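Taken from Swiss-Prot, the feature active site, proton acceptor applies to E244. Among the features that Swiss-Prot reports, FAD binding site is placed at 125-134, 158-160, R270, Q281, 338-342, 367-369.
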Amino acid sequence: MDFNLSNSQSDIYESAYRFACDVLDQDAQTRISQKILSTELWKKAAAYGFAHGPVSHQFGGSELGALDTALMIEALGKGSRDIGLSFSLCAHLCACVIPLYRFGSSELKDKYLESLVTGKLIAANAATEPDAGSDIYNMQATAQPCEGGYILNGKKIFITNAPIADVFIIYAKTNPDHGFLGVSAFLIEKGTPGLNVGEVIPKDCLSNCPWSEIVFNDIFIPQSQRIGMEGAGGAIFHDSMIWEKGCLSALFVGGLARLLETTLEYAKARQQFGKAIGQFQSVSNRIIDMKLRLEQCRLMLYRACWKHDQGQDAEADIAMSKLLISEYAVQSGLDAIQTFGGAAMDQELGLVRHLLNMIPSRIFSGTNDIQKEIIARKLGLRGTSS
């Protein structure tokens, strides 16, 4: 068992980290304080490779596995303070680009995929509804079959990238009586008649990552814009969530690494009672806990992604890593603030903002309560474990 990264994996990480530091982190504080998402930087980052993932070279992708994609995104999280921009990129890749690549028709891939991979188009994934969050298959949006396609009606909320999106991956019921098998996936373009995108909703966290609600009023969707077979939307969504939980979690592992470095540097430099505060056991113990959390998160995430790349069932591993990383990200954020003391309140330092940005990791891509249900099911505690 070799725990070393290969030379190519190390190169992927180091190159992505340098790009994140040198390009995306520049003026990050200004953008964040002004709640601005720079679409220019977003497109540069996508073209660099952060929107490539497993997509084939044919469509401009990098043909990376889940582990290599996670390494790249971890480097992004460590190198750039602009987590809002990074989150937007990851949502675009994991919930839009990857499902289109894995399940879309040749016609859809030829029409959209290269532009999505290279950053010419921005995508949003629309699944969550007012009464369908954790209970996602209770969605009320419908795509009623009609001659030549479908008529879409409904409402989606908390849709990341919606205000800036050029295309939308939509999930709606094509047969309300069939539950999981009654959901289908579609791709629609901005400006489609009947598509209404709401104003940006202000947030206390990830404040420069735009989201809004979207409403569908009698939208005609040609059959050619359906992703996968009719009724395959549940399986497509489930597959995309495996990628999203793994890769978005990697972003927060990168944040843990950055936070540890910042806190360690401060503990060595800050003097109290005639010595560096890191010399005090209460402080050093907190930093040791932060280090332990980081290494645990890396090991669990890397193993989960490796299993996925090997074609093994990694659902429980992905759920466990997402659960662990999100809980640890919040706790380490609190420990960093405790170590910095009053200095942590400095907005320029960004520690309170960092903590706020960590909290959503316990909610998105399935809440931590849902991750525990997944793990319980895989352990045979909720009926079948298949």
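Positions of Cβ are set from backbone N, Cα and C atoms, glycine also.
The structure, with features from Swiss-Prot marked on it.
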| residue | record | Cβ neighbours (10 Å) |
| --- | --- | --- |
| N125 | FAD binding site | 27 |
| T128 | FAD binding site | 20 |
| D131 | FAD binding site | 11 |
| S134 | FAD binding site | 12 |
| T160 | FAD binding site | 25 |
| E244 | active site, proton acceptor | 25 |
| Q338 | FAD binding site | 13 |
| G341 | FAD binding site | 12 |
| N368 | FAD binding site | 16 |
Provide, as an integer number of angstrom, the distance between the C-alpha atoms of E244 (active site, proton acceptor) and N125 (FAD binding site).
11
According to DSSP, which kind of secondary structure is N125 (FAD binding site) found in, if we only use helix, strand and coil?
strand
